Amino acid sequence: MDKAQQDALKKAAGIEAAKLVENGMIAGLGTGSTVKFLVDELGRRHQEEGLEFTGVTTSRRTQVQAESYGIKIVDIDDVDHIDVTIDGADEVDKNFNGIKGGGAALLWEKIVATNSNQIVWIVDESKVVDTIGKFPLPVEVIPFGAGQVIKKFEARGYKPVLRLDADGKEVRTDENNFVVDLHLERIDHPQELAEDLINTVGVVEHGLFLNMVDKVIVGDPNGPRVMTNANK
């Protein structure tokens, strides 16, 4: 699948997901290439159809995009609930376990998700896998002592790599932390790994989102299809 085909599937999933946002809602808006299409469609509906809703974003770049359409964006602490959060995912399996954080927004994404009544992910079909872990698992760590955390990960066989930008500088999250990507190839026991990571001093959050999502909208060549989590 080339990039144009992949983008077409992402766009279709984003347009389908935008239908979930209705007048008067408070909607969490995620981060990433698929969410960009979602925000474009919500912006179109706001400007052309008069859709009025309040957004809570998981990154500053999504906030800038949404506000460019005139969408009202507020801080998460200025709302008492979030009706639905729509976000992308880097991988998702049949048990609705996912990896997120390829865009370095995993902490804000998880905070918004855990305060939402409903969580929806939008992905293209390449992101649906049998076992998560092929995509590197992002872990957000504070800069102080990050090298020590990386050494611990190396000792555990996690194959950590500090994420750098095109200029060779450390990628910084919106909270000014570092991102360490774990090249695990496959994750057979995600819950155990999640507990190990979050209990490591210096780790702020990890990109494992386990059985959190209610619905996954998959961009498919035959049209968007919906995976519904029966355990939620």
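The backbone N, Cα and C atoms fix where each Cβ goes, glycine too.
These figures come from a predicted structure and were not determined experimentally.
Following the DSSP three-state reduction, the secondary structure of Glu109 (active site, proton acceptor) is helix. Taking Cβ-Cβ distances under 8 Å and a sequence separation of 6 or more, the neighbours of Glu109 (active site, proton acceptor) in its chain are Gly30, Thr31, Thr58, Ser59, Asp87, Lys100, Gly101, Phe209. Summarising the annotation, Swiss-Prot assigns active site, proton acceptor to Glu109.
According to Swiss-Prot, the feature substrate binding site maps to Thr31, Gly32, Ser33, Thr34, Asp87, Gly88, Ala89, Asp90, Lys100, Gly101, Gly102, Gly103, Lys127. Asp87 (substrate binding site) carries a strand DSSP state (E or B).
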**Study point:** Cβ neighbours within the same chain of Ser33 (substrate binding site) - under 8 Å, at least six residues apart
**Key:** Asp7, Lys10, Gly88
Revision key, fill the gap. Smallest number of other CB atoms within 10 Å: among the binding-site residues Lys100, Lys127, that is Lys127
Practice item. Tell me the Cβ contacts of Gly102 (substrate binding site) under 8 Å, same chain only and six or more apart in sequence, or just say none. Key: Gly32, Asp90, Phe135, Pro138
